[in-house]
Amino acid sequence: MGLVDYSSSSGDEESPASPERKRHKRKPGPNGLQESSMPPLPSTFHDLYAATVRQSAVDDPSLHQGRKRQNPHVVGHWPSHVYVEWHPTAVQHDALDALVKQIQRHIGEDIHLYSFLTSDLGAPLPLHISLSKPLSLPTSIKDDYASKIQDAICTSGIRRFCVKPAGLAWHKSPVSPRTFLVLRVVTAREPARHLSSNPELMAMLAKCNAVAAHFKQPTLYQQSADDAADEAFHISVGWALGSPDDETCSTAVQRFKDAQFADMRDWEIVVDGVKAKIGNAIDYIPLSRAATGRKSDEEAFSFFGI
């Protein structure tokens, strides 16, 4: 006897039809697009499916639109990265997708702009703000590195905050022919309060770079702790092999100022934690929830005395 006793198809036909459920329409969000009423998934949920399936035991650029690893895989070394992860809402994703397509139309068909927004299967992808270079850590130090990164963030006194989009830019890779289309970000707080346009991200970068330097790993954006890197923080939204001419690049990024993307300039991207990925393992390091960085929290802000 089987574990489950299924009824016959004739029995199904004789049973009365179940009443139709009423479909609840989702409320329209900005720009007339519908937003889900479901609560967002916890940040750690996405880590369960963050690793991609390996298609080859060796690096093969033909499997990745011609891309090559910045750090070639070495047995006994672990690809590592520290970053802030952002999952755009459906409305934000659609706006970013429209922006990338607008840039593609502007630069023409000679340069193909690949999007970071959607997977090959059409699923929305998380975006990120880097707090370290892509590293290759030997097995002998990877656990100690992860522990020191966690301690550095947890003891920093940095509370959750917000950043907002500030414009588009092109970043040419120094180690490959790729050019990246990036969305620059700045703190969402009133700029008059700070000498820096990114005081929170700068503080976290300093912590992460100090750990990297301790293990003799390359630092991100800074050659020394005193180097300013306020304008360097960004979210990559697309990439291309090669780049358009300078004039086309300059005029293309001005599309960010178009009226159809006005709402984008008012987004507040919550930074409530940091992720450290070593190999396929991801550690989520939460920030204190005492403040979000929104304007309503201005009086509650306490950040290293700023």
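Using N, Cα and C of the backbone, Cβ positions are placed for all residues, glycine too.
TrEMBL lists H128 (among others) with the feature active site, proton donor/acceptor. Counting only residues at least six positions away in the same chain, the Cβ atoms of Y83, V84, E85, W86, I235, S236, K275 sit under 8 Å from the Cβ of H128 (active site, proton donor/acceptor). In the three-state DSSP classification, H128 (active site, proton donor/acceptor) falls within a strand.
Here TrEMBL flags H234 (among others) as active site, proton donor/acceptor. According to DSSP, H234 (active site, proton donor/acceptor) is assigned to a strand segment.
What TrEMBL lists as region 'Disordered' is 1-41.
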CB within-chain contacts under 8 A for H234 (active site, proton donor/acceptor), separation at least 6: I129, A169, H171, V182, L183, R184, V185
